[in-house]
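Heads up, the thing below is written out as structure tokens.
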Amino acid sequence: MEGENVEKPLLERKKYYENCPGCRVDKAKELSEGQGVPFTNLFIIWMVVLCASMPISSLFSYLYFMVRDFNIAKTEADISFYAGYVGCAFMFGRCLTSVMWGIVADRYGRKPVIMIGIIAIVIFNTLFGLSTSFWMAVIMRFLLGCFSGLLGPVTAYATELFREEHQALGVSSVTASWGAGLVIGPALGGYLAQPVEKYPHIFPKGSFWDKFAYFFPNFIISAFAFVVAVGCIWIPETLHNHNCSNESMDNFEALEIGSRVVGKERTNQKKEKLLLNWPLMSSIIIFCVFSLHDGAYHEVFSLWTVSPQRLGGLNFTTNDVGNVLSISGLAVIVYQITLYPLVRKTSGPIGIARISGILTIPLLQSYTFIGSLSGFALHIVLSIASILKNILAVTITTCLFLLQNRAVACLFSKLLALLQVVHY
């Protein structure tokens with residue numbers, strides 16, 4: 001019959017391989033069509049990202065006092081100088097190894113990188129809490145940063161774990177839990193550091209908790225990381241690891257072979273690469289710049305609030321910092337769940353990111369005037385400013401993640417179109 005001679009489109013059907021973990025996840029996503037939001041997957045992403053983000057900034061609410069107790073600063077004004085070394089050690093280590101962990105995640109899977117990162121938190125964050133010298137604290141934070149390559153793989157994991165209609169929710173859950181962790185971490189540090197002074201009836205003077213006054217918040221975070229690490233044993237791997245014959249290829253392998261055909265038949269056509277994908281590279285550059293800004297803000301904010309007033313600070317206690325940051329963290333969570341979906345419908349990610357960035361400028365300028373307040377008014381106004389700053393930061397980060405994903409998807413679509421032209 002005439003219909004029997006019609007060729008099947010090359011990319012018509014997705015083939016699943018039995019022993020491939022990525023195929024099992026894709027098949028589960030296909031079977032879950034129409035079943036609503038996968039809250040179990042959201043919970044997995046939340047716990048992993050929260051665990052990874054809390055240690056980053058948990059020390060900032062007590063870092064000033066920790067460095068002071070190390071007795072390395074000759075004057076009180078030098079304490080913030082040495083605190084900066086401890087604070088940046090984590091990011092320096094992370095900067096050196098983040099690309100490597102991304103390569104490892106693409107080659108060996110997202111799950112091993114996630115497990116290694118969480119186990120590193122259990123080990124090095126605990127040792128940081130037990131630091132007895134300035135250099136021990138710097139080294140522990142540096143090692144923690146070196147093994148903290150979670151953000152990129154977890155973001156990829158979130159997009160691979162969810163169906164297409166829920167991928168924006170998955171990415172926003174990464175940024176929401178990341179932002180919440182960056183705020184909840186210092187809140188824990190503020191409430192739990194120096195427990196002998198704050199809770200003398202529970203932690204007696206001269207005890208272990210008196211000698212290691214900053215161990216308790218790190219212990220709580222490490223214990224939480226241990227629970228998450230145990231739970232991650234059962235999370236699915238999303239990376240495809242199957243090898244195909246020429247007769248049976250999945251979409252990505254067909255695309256790869258097809259693109260080679262395009263290259264052979266059209267040698268004068270310029271091959272598009274990721275580095276030449278300007279939408280992708282521009283969103284990555286902006287993300288790097290904004291990450292530098294946001295990290296600097298969290299570190300400077302905590303040091304500014306606890307510094308003495310004669311040095312330009314607010315003379316807050318660690319409890320005061322904990323109050324402000326815990327309120328901000330709760331507000332970010334509520335915003336991400338209730339308001340952000342409405343904000344996303346008002347405009348595209350570029351427009352939302354631009355508006356959020358513009359609003360951030362006058363907000364940060366207002367901190368100069370906030371510092372002149374005192375008493376209850378200072379706490380209220382500072383809490384409101386902190387809430388707005390963290391909401392804007394989460395919004396910008398989420399929009400940039402969406403732009404990166406769309407840029408990669410656009411590149412994939414162009415290559416797919418070229419392949420279909422060659423095939424037909």
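All residue numbers here begin at 1 and follow the chain in the order shown.
Placement of Cβ uses the backbone N, Cα and C atoms for every residue, glycine included.
Caution: TrEMBL annotation is automatic and unverified by curators.
Bear in mind that the values here come from a model prediction, so they are computed numbers and not experimental data.
Copied over from TrEMBL, here are the features:
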- 41-424: domain 'Major facilitator superfamily (MFS) profile' (DOMAIN)
- 42-67: transmembrane segment (TRANSMEM)
- 79-101: transmembrane segment (TRANSMEM)
- 113-136: transmembrane segment (TRANSMEM)
- 169-192: transmembrane segment (TRANSMEM)
- 212-235: transmembrane segment (TRANSMEM)
- 274-293: transmembrane segment (TRANSMEM)
- 324-343: transmembrane segment (TRANSMEM)
- 350-370: transmembrane segment (TRANSMEM)
- 376-403: transmembrane segment (TRANSMEM)
Hey, which of 79-101, 212-235, 274-293, 376-403 has the most Cβ-Cβ pairs under 8 Å against the transmembrane segment (113-136)? 212-235
Confidence summary (mean pLDDT) of the domain 'Major facilitator superfamily (MFS) profile' (41-424): 82
Is the transmembrane segment (169-192) close to the transmembrane segment (324-343), in the sense of at least 3 CB pairs under 8 angstroms with a sequence gap of 6 or more? yes
Surrounding residues of the transmembrane segment (376-403) on its own chain - C-beta under 8 Å, 6+ positions past either end: 155, 168, 171-172, 174-176, 178-179, 182-183, 279, 283, 286-287, 290, 294, 297, 301, 305, 314, 320, 323-325, 327-329, 331-332, 335-336, 340, 343, 349-350, 352-353, 356-357, 359-360, 363-364, 366-367, 370
